[in-house]
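Participant: Attaching a single structure in structure tokens format; questions to follow.
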Amino acid sequence: MNWGFLQGILSGVNKYSTALGRIWLSVVFIFRVLVYVVAAEEVWDDDQKDFICNTKQPGCPNVCYDEFFPVSHVRLWALQLILVTCPSLLVVMHVAYREERERKHRLKHGPNAPALYSNLSKKRGGLWWTYLLSLIFKAAVDSGFLYIFHCIYKDYDMPRVVACSVTPCPHTVDCYIARPTEKKVFTYFMVVTAAICILLNLSEVVYLVGKRCMEVFRPRRRKASRRHQLPDTCPPYVISKGGHPQDESVILTKAGMATVDAGVYP
């Protein structure tokens, strides 16, 4: 399988990612894609041919293999890696849409017209939601595939010998799996790396939401605090009634200073 196209997509989205997003890309490239291409495919190569049962009944090894391996590990992993990296393409497409919209705006209103976006790749507005939803989708895909693996292969185990009694086997036969320990190690490795990617995605979701909440509520708190603070140019005054009974003038007395006649206000 050619993974060059997938590598180009992930490399393009790397410049729009946060620090946690770049760590996720490194984990996907080094610990998942490379391990899959270099080692995992070789371990499961001709797996059905090496699945041997102690019977000469025609068709029995084939149905037993299908019973215990309904879907190959490597094919499930390939589908998982493709689906988990596709949301990154949405981010690249959204940025490309912004660039095209900005270009048309410049052509229509001239090169000196104010820009539609202060920073095309900055995660604001729709791009922020696209990036956030891509993280949630990637975490959901990895979680779903881990659940599928757990349902198909109990506890992600790889036994050395399995007992099969499926028709057309004449009786319960023992079937032997090729390189079970090596396959178990790779299975656990892929499960652990998928769990790490889920944790990184959820951490990035928390980071983005928390950062956005701070940007929204911090200016409001500053405005509220400024409203409750009295400026230094307006010191406190003591308000008292004047002594003239006809005009009821008001006397403003500042602490430590002479009284000021404020007059009568309608």
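In case you wondered, yes, glycine gets a Cβ from its N, Cα and C as well.
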Participant: Quick one: Swiss-Prot says Cys60 makes a disulfide with which of Cys169, Cys175, Cys197?
Facilitator: Cys169
Participant: Intramembrane segment per Swiss-Prot sits at which of 2-13, 62-73, 230-241?
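Facilitator: My reading of Swiss-Prot: the intramembrane segment range is 2-13.
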Participant: Using the record from Swiss-Prot, pick out the residue from Cys53, Cys86 that is joined to Cys175 by a disulfide.
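Facilitator: When Swiss-Prot is consulted, Cys175 turns out to be bridged to Cys53.
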Participant: Is it the same side of the membrane for Leu20 and Lys104, going by what Swiss-Prot records?
Facilitator: yes
Participant: Quick one: pull the CA-CA distance for Cys60 (disulfide bond) versus Cys175 (disulfide bond), whole Å only.
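Facilitator: Cα to Cα, Cys60 (disulfide bond) and Cys175 (disulfide bond) are separated by 10 Å.
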Participant: List, by number or range, the same-chain residues at least 6 past the topological domain 'Extracellular' (152-184) whose CB is under 8 A from its CB atoms?
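Facilitator: Tertiary neighbours of the topological domain 'Extracellular' (152-184) are 43-44, 47, 50-55, 57-61, 63-65, 67-68, 70-71, 73, 191.
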Participant: List the helix, strand and coil residue totals of the topological domain 'Extracellular' (41-73) as derived from DSSP.
Facilitator: 13 helix, 2 strand, 18 coil
